[in-house]
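Below you'll find the structure, written out as structure tokens, and then a few comments.
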Amino acid sequence: MEAPPFASSSKTLPFRSSSASSLLFLPKTHLNFRRPRSFSVRASSAADSGVTLLDYGAGNVRSVRNAIRHLGFDVKDVQTPEDILNAERLVFPGVGAFAAAMDVLNKNGMAEAICSYIEKDRPFLGICLGLQLLFESSEENGPVKGLGLIPGVVGRFDSSNGFRVPHIGWNALQIEKDSLILDDVGSHHVYFVHSYRAMPSDENKDWVSSTCNYGDNFIASVRRGNVHAVQFHPEKSGGKISFLSPVYVGLTILRRFLYPKTNLEKKPTERKALKLAKRVIACLDVRTNDRGDLVVTKGDQYDVREHTKENEVRELGKPVELARQYYKDGADEVSFLNITGFRDFPLGDLPMLQVLRYTSENVFVPLTVGGGIRDFTDANGRHYSSLEVASEYFRCGADKISIGSDAVYAAEEYLRTGVKNGKSSLEQISRVYGNQAVVVSIDPRRVYIKNPKDVEFKTIRVANPGPNGEEFAWYQCTVSGGREGRPIGAYELAKAVEELGAGEILLNCIDCDGQKKGFDIDLIKLISDAVSIPVIASSGAGSAEHFSEVFRKTNASAALAAGIFHRKEVPIQSVKEHLLNEQIEVRI
């Protein structure tokens, strides 16, 4: 049973939200396993189908649940560690921070149950943090002791070599030995999103079934007997085996674990994945139309109304239907930006929560949602923290949360005081879910100037002079959907939010929005060179060539478009075929 909607009138938090929020207040480490008096960690099992899903209350586990159901297995709730010990097949999709997860597992007797289950060589699949926790310890907020089943320490990626951290996106695997669940997958990209990794060594080489190269070769998967664990997310690795194939990579991995005796046909390899791919993201700007229906719209420099007598909202489709289509078309991620619905009561927007729930049932690539993620107080005086707001959207299917205006205010305060107070939405959410789950959406407007000394913000020499021949410009950040300018530049904001805990930047440009003349290369190069976290280029795409241009001329990790996809002017598959022809690594 799913947790009740967060917008319930009850004064108490729904169970899984409480679990996620409580991670903030638990002590950092517990070095000894102990059995609890009562059990409050959420897990799920299906005795009839032989599957148990462990959900300890943090992050988006809905997608794993939906993928298992999609493959024909029912998933039900359990209440005690004994349900883990009695499981026929155990799936552990760990999400969040290592220390917080171990605190919960130890406090509730889950650590001992998992160790006992695995030591008996029973079918187990750990995902992401579910792999990391098997190791001896982690440096994340540590050192923190892990389950100790695999020799090794989980450490942070080294960003000093130019590689961006977190490691976000679709990367290639190098199969080291027979992995069973990775048969036919090693030639394709799979989806990673993490800042910490375990390294192969002589002590753990018998475990390692595949590695991935990102600066160094880190452990991408392990296998010993019936025990499997992967650093990537199979439930989000929903790419097709080929453009024309109906078979999806991530579901194939899960199917091989759930149906180990099934002989699945191996598909011929069309192209071998080589390295981290550039991502092509479909963005859906969602709002209610004048009749109250939730629709996908698209702005022209953030104006979403038609220039007609009726001045109606521009409607380009239904959000769930479009998201499903973009998944089938090969989008690497789908981003929902709710541009009006969250203003007064973020958790009261039940239609948007339903969009996430329905989309996650059939869309197995990462989902991002943004719009109004902040602290707020409802009409009854009930206060909700931004962490509680984000928790509900994670539970409804979001993999990443996008923060806009609230990030600007937090950055301004941080730059003014030089102090991280820990209260901003950025800091709250990244502390529990990890910075890889937090995207900051920056909405700047170009301001031309004649002399860089005229402003206190970072300026650039522009490729194309301003209307009065100005050779320089700075980028003023805005809030409230671009309606209000703030005294902070995009460069200063990007640097500040990285320090506050952002794991990725979605870089828009009001001047280019809807113009179809290409991305603002000057802006994207400025920001992508300034930070060590991934940057998503947005605003202005009008052709497939604009995507190759931004990837060649800047350090952008991904490029996002909306209108050209909605109007079917430039199909996603055409963009990817063009990038392949230009020798730019993409996921097919």
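Each Cβ is built from the backbone N, Cα and C atoms, and glycine gets one as well.
The active site, for GATase activity annotation in TrEMBL covers C128, H233, E235. Residues or ranges marked as active site in TrEMBL: D285, D443. What TrEMBL records for C128 is L-glutamine binding site. Residues or ranges marked as substrate binding site by TrEMBL: G372, N508. What TrEMBL lists as domain 'Glutamine amidotransferase' is 53-239.
Looking only at Cα atoms, E235 (active site, for GATase activity) sits nearest to C128 among the recorded positions C128, D285, G372.
Considering only the recorded positions C128, H233, D285, G372, N508, the residues lying within 10 A of D443 (active site) on a C-alpha to C-alpha basis are N508. Recorded residues H233 (active site, for GATase activity) and N508 (substrate binding site) have their alpha carbons 27 Å apart, per Cα-Cα distance. Counted over every protein chain shown, other Cβ atoms within 10 Å are most numerous around D443 among the active-site residues D285, D443. Cα-Cα distance from G372 (substrate binding site) to D285 (active site): 14 Å (rounded to the nearest whole number).
When the Cα atoms are compared, N508 (substrate binding site) and C128 (active site, for GATase activity) turn out to be 30 Å apart. The Cβ of C128 (active site, for GATase activity) lies under 8 Å from the Cβ of P93, G94, V95, V193, H194, V230, Q231, F232, H233, each of which sits 6+ residues away along the same chain. The recorded positions under consideration are H233, E235, G372, N508. Their Cβ neighbour counts within 10 Å are lowest for G372.
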